[in-house]
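According to TrEMBL, the protein has these features:
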{"type": "ACT_SITE", "residues": "GLU212", "note": "active site"}
{"type": "BINDING", "residues": "CYS169, HIS211, HIS215", "note": "Fe cation binding site"}
Amino acid sequence: MQLCAECGDVRLRWTKVPILLRILEVISLGWLKIGKLHFERLTIGDYFSALHAIFALFQNTGPLRLRGPYPKSTFMKRPILIHPDPRLKKQCAVVPDLSDDLRQLADDMLETMYDAPGIGLAAPQVGVLDRLIVLDCAKEKDETPRPLIMFNPKVIETSDEKNTYEEGCLSIPEQFAEIERPADVTVEWVDRDGNVQRETFADLWATCVQHEIDHLEGTLFIDYLKPMKRQMITRKMQKLKRERTRA
Ligand SMILES: [Zn+2]
């Protein structure tokens with residue numbers, strides 16, 4: 001999952017933004033840069049989102065589109081694949097035995113994830129079709145980091161209660177959407193030392209671990225969206241990839 005590179009937050013709702021700023025952002029169609037809020041000029045393809053933003057303004061709901069500086073110039077330990085890519089739609093293979101190579105891959109993935117910055121990363125996102133994810137949702141400044149490496153993670157129980165978070169993905173940069181998932185999940189996995197672990201996760205941890213396990217099945221968070229919205233995001237990513245190739 002992806003954090004906003006500017007504010008480090010994963011969700012910021014219109015309701016938390018002063019009304020005047022919301023109006024200015026909509027009128028300027030993204031030309032604004034005020035304080036920590038970082039906007040970019042909208043492209044033609046963004047006009048659907050602008051319409052959504054205006055609609056959201058009257059509804060007083062919906063996401064504020066936050067963008068970080070892009071493209072990021074820092075070197076990545078393992079380059080992250082950008083959607084659409086066939087490797088992101090594949091089911092990943094169970095890891096039969098741990099090896100030094102796999103441990104190295106997990107360590108590299110954590111480094112790549114922190115660098116992005118993100119709170120979760122799955123092996124297919126770096127082009128490896130093995131059941132391996134890494135995550136660390138301790139993102140508050142005073143929180144101790146808690147990097148987790150999970151081989152063969154499996155959701156074994158989910159709560160009936162649901163939770164909605166605004167999700168992003170390192171393979172779908174700068175795009176966010178509200179996704180509803182079970183609020184609590186119990187996950188079993190094999191850790192870096194080969195020991196079986198089991199834990200129940202809540203809040204952002206629960207959403208993140210489900211998002212990452214979805215990657216191992218070839219499922220992206222945009223697969224939960226309506227086709228039109230999904231296609232719009234896919235077109236933006238195709239454009240981004242073209243721009244990156246040219247750069
Ligand atoms: Zn993702």
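The backbone N, Cα and C atoms fix where each Cβ goes, and this holds for glycine too.
Counting only same-chain residues six or more apart in sequence, the Cβ atoms lying under 8 angstroms from the Cβ of HIS211 (Fe cation binding site) belong to MET1, GLY120, GLU167, CYS169, ILE179, ARG181, PHE221.
In three-state terms derived from DSSP, GLU212 (active site) belongs to a helical segment. Reduced to three states, the DSSP call for CYS169 (Fe cation binding site) is strand. One way to see the shell of the Fe cation site is to take the Cβ centroid of CYS169, HIS211, HIS215; the remaining same-chain residues with a Cβ within 8 Å of it are MET1, GLY120, ALA122, GLN125, GLU167, LEU170, SER171, GLU212, ASP214, LEU220, PHE221. There are 28 other Cβ atoms within 10 Å of the Cβ belonging to CYS169 (Fe cation binding site). Sequence-distant contacts of GLU212 (active site), defined as residues of its own chain at least six apart whose C-beta falls under 8 angstroms from its C-beta, comprise MET1, GLY120, LEU121, ALA122, ILE133, VAL134, LEU135, MET150, PRO153. Other Cβ atoms within 10 Å of the Cβ of HIS215 (Fe cation binding site), summed over all protein chains shown, number 23.
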